[in-house]
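Data block below; observations after.
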Amino acid sequence: MAAPALPPLPPQLKSIQHHLRTAQELDKREPVVAYYCRLYAMQTGMKIDSKTPECRKFLSKLMDQLEAMKKQFGDNEAITQEIVGSAHVENYALKMFLYADNEDRAGQFHKNMIKSFYTASLLIDVLTVFGELSEENAQHRKYARWKAAYIHNCLKNGETPQPGPIGMEGESFADAEREEAGSSSVHSGATPSSSSTYEANNIPTSNYTGIHIPPGAHAPANTPAEVPHNTGVTSNTIQPAPQNIPLVDPSLYSAQSAGEVRLTPEDFARAQKYCKYAGSALQYEDVSTAVQNLQKALKLLITGRE
């Protein structure tokens, strides 16, 4: 079922254009993530301007899109239950971040990995729909945006980027997005190509020497933001890479409740979140992440400690 088309994006709502374009790109392969991208855009747009006629008209049509998607996927618990939806979006964002980070650390610099870094940062924005970002996710967002700009500008200037976290001041996304707009414009009319540029004031200017980012070696196999066009490779020729499955903590086999362990509602919520993360990881056949989260849930429930 096609979502209702959007009118042209009012200039006042320019800051949500990339989240809307990401939603459109993910409509077919990740409709749940696409739904939450639109929900984030809707909530953000309402805070920016919901009173002027053009903004009110645009947001009304966007609301129609959300209602249509909710009706279409109403039986999906990732839509009906926030904790499942949060785990699903976070898992996909981390999947894209780790793919890009893996390519970066291997010295494989290309447009798809740049886009993966930036899209991961947009999806971490979307996680604010479910509440305040964790410190780790906030750090990942800053790093991913900075890396996307840094690598793009290096390639544009004929320089070789340095892999991994390094000291580098903020970069401009404008040139990168102008080029991107030429090849992947939003057909719904939501994002006019004439204004399709990254927001330069959102670019971090921190020095990233020594920042702790998980090594890309932990990235799940085959996780690009997009399959490159015209590669001649079909999906049935891609073989899954072997995964390193973590060993089960032997202490869990003999662990017993330590006497008067009393689990708080917060403990139960954290255990449930770990289980949801594990379920979401299994959707991507990421056994390692699933095992790690299940072990965390078991340890918390048995011992009352994480």
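Even glycines carry a Cβ here, placed using N, Cα and C.
For 182-201 (among others), the entry in TrEMBL reads compositional bias 'Polar residues'.
Here TrEMBL flags 231-241 (among others) as compositional bias 'Polar residues'.
The domain 'Vta1/callose synthase N-terminal' annotation in TrEMBL covers 15-157.
Here TrEMBL flags 265-301 as domain 'Vta1 C-terminal'. Secondary structure counts, DSSP: the domain 'Vta1 C-terminal' (265-301) has 34 helix, 0 strand, 3 coil.
Residues or ranges marked as region 'Disordered' in TrEMBL: 175-201 (among others).
Annotation comment: TrEMBL describes 216-241 (among others) as region 'Disordered'.
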What does the DSSP secondary structure composition of the domain 'Vta1/callose synthase N-terminal' (15-157) look like, as residue counts for helix, strand and coil?
120 helix, 0 strand, 23 coil
